[in-house]
């Protein structure tokens with residue numbers, strides 16, 4: 001099985017490989033990474049924009065690697081609910097046959113000092129690096145790792161979110177839930 005992930009970020013690449021291996025343990029997984037555009041802003045600021053970025057990345061990845069069985073798009077974003085800013089990510093898997101499966105990670109509240117930099121135009125990872133003195137956090141534990149004290153990581157969150165859905169027919173009833181939540 002050939003899978004193309006729409007990123008060269010090692011966190012996203014490794015999470016995709018780990019999730020596919022867990023989901024399809026009997027299959028030989030060949031993972032290819034492709035740098036493709038998301039078609040959305042560098043720092044998506046809504047649930048809708050973030051999901052669209054993941055969809056477009058998965059579509060573009062599948063187009064970039066003609067012999068891939070699946071295209072995977074992972075897009076992190078920020079949304080504000082009830083006056084609180086949260087970070088989260090959408091994971092979209094598209095099969096060569098056109099079957100789309102999408103899932104969203106948990107919401108993690110962001111400190112206001114981080115959001116001040118984000119609102120001024122800085123990407124979340126850069127804002128975290130600046131405020132907390134980390135270096136390239138988005139290719140390591142991510143904001144999730146830092147803000148949970150290492151209890152969760154960007155990789156573990158992505159693996160869990162990807163693992164839930166894929167393109168399994170026995171989970172397709174969940175598609176309705178993802179549209180309303």
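Using N, Cα and C of the backbone, Cβ positions are placed for all residues, glycine too.
Quick look at what TrEMBL annotates:
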- 6-162: domain 'Non-canonical purine NTP phosphatase/PRRC1' (DOMAIN)
- 67, 68: substrate binding site (BINDING)
- 67: Mg(2+) binding site (BINDING)
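Mean per-residue pLDDT, taken over the domain 'Non-canonical purine NTP phosphatase/PRRC1' (6-162), amounts to 93. DSSP gives residue 67 (substrate binding site) a coil state; it is part of no helix or strand.
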